[in-house]
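Visitor: OK, TrEMBL features for this one:
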BINDING   H29, L31, G58, E79, D107, N122  S-adenosyl-L-methionine binding site
DOMAIN    36-204  domain 'Ribosomal RNA adenine methylase transferase N-terminal'
Amino acid sequence: MTDARDAPRNPDALLRRAGVRGNPDRDQHFLVDDRVLDRLPDYAEEADFDLSHVLEIGPGTGALTDRLLGVADEVTVIERDRDLAAFLREEFADEIAAGRLTVVSGDALDVELPDFTACISNLPYGVSSEITFRLLPRGKPTLLMFQKEFAERMAADVGTDDYGRLSVSAQHYADVEVVEPVPKEAFSPPPEVESAIVRTTPRAPDYEVEDEAFFLRFVKAVFTQRRKTLRNAIRNTGHISGLDDADAPVAAIAEGKTELDPDVLGKRAGKIPPETFAALATVAAEYGLDGGENG
Ligand SMILES: C[S@@+](CC[C@H](N)C(=O)[O-])C[C@H]1O[C@@H](n2cnc3c(N)ncnc32)[C@H](O)[C@@H]1O
């Protein structure tokens with residue numbers, strides 16, 4: 001390494017050198033608590049993340065970037081704010097010259113993602129869902145800061161109040177765990193909500209889905225009517241799930257023509273585990289899509 005530092009860069013000093021104050025309207029809340037910053041790489045190392053090429057989305061003034069350079073072989077950051085990207089190029093000139101850091105100036109929702117081995121980021125909360133579902137299908141481990149409520153919904157188990165579309169969709173790709181709640185005071189300026197660090201470990205689901213896009217649309221559709229029984233939720237949301245005939249799969253299940261227990265139709269989405277959603281989506285596609293076997 002060309003930049004052999006004994007101590008990581010001080011987050012407050014980085015803010016002063018960059019001459020910025022976080023702008024909440026641009027999703028800018030910089031992590032200034034050294035203890036939280038130090039623990040982030042630890043959470044990745046203890047889970048044996050492959051740190052050969054770490055992606056960081058929204059590096060801001062580089063406090064986390066600096067910690068990541070301490071554990072990773074190579075880091076790529078994507079920052080939408082042009083001034084911050086220019087500051088990072090100056091502040092980390094040595095690391096860039098050594099080929100260890102690449103600064104991409106652009107929107108993480110638009111730019112091509114590099115071939116990363118892990119993603120560790122304090123995400124811009126306004127687009128955390130979109131970014132997460134760009135990352136998870138890549139099948140790489142992630143350690144991400146979210147709004148606490150979002151984090152809890154991602155990790156929720158079936159039957160709990162937080163369980164919903166987000167839990168089923170995220171857990172389709174990975175094991176999801178909340179590793180640490182983070183108070184508002186850890187950031188400058190403090191956000192309005194509490195935060196939490198979430199670790200995702202990719203794995204194949206223990207069920208099969210034939211059409212992943214349809215499965216995810218079906219889950220989304222049914223959870224828009226989470227207070228209704230599945231019978232009604234499936235029937236009422238064909239316009240969201242894309243079913244051509246939303247009554248047909250319900251009838252098939254009720255008549256015992258499928259492997260599913262007809263009683264499932266009387267349950268609500270919050271009580272349905274992911275593997276049952278997978279079975280439901282398969283039946284829904286088979287009986288309710290025009291191209292389906294029985295459609
Ligand atoms: C919550 S701050 C985190 C900053 C830094 N990682 C830290 O922890 O101090 C989010 C950062 O993401 C940037 N950002 C916001 N929207 C973005 C987007 N769509 N793509 C890339 N960066 C974005 C903001 O400019 C800001 O620097």
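Here the Cβ of each residue, glycine as well, is placed from N, Cα and C on the backbone.
Note: TrEMBL annotation is automatic and uncurated.
How buried are the listed features, and what sits near them?
Guide: With a 10 A radius on its CB, E79 (S-adenosyl-L-methionine binding site) counts 26 other CB atoms from all the protein chains.
Mean predicted confidence for the domain 'Ribosomal RNA adenine methylase transferase N-terminal' (36-204): the pLDDT average there is 97.
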Visitor: Provide the three-state secondary structure of E79 (S-adenosyl-L-methionine binding site) computed with DSSP.
Guide: strand
Visitor: In sequence order, what residues of the same chain, 6+ apart, have a Cβ less than 8 Å from the Cβ of D107 (S-adenosyl-L-methionine binding site)?
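Guide: For D107 (S-adenosyl-L-methionine binding site), the qualifying residues are I78, R80.
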Visitor: Long-range same-chain neighbours of L31 (S-adenosyl-L-methionine binding site), Cβ under 8 Å, sequence gap at least 6?
Guide: P11, L37, G60, A63, L64, N122, M145, A186, F187
Visitor: Rounded to a whole number, what is the top Cα to Cα distance in Å among the residues the record ties to S-adenosyl-L-methionine, namely H29, L31, G58, E79, D107, N122?
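Guide: Answer in Å: the longest Cα-Cα distance is 20.
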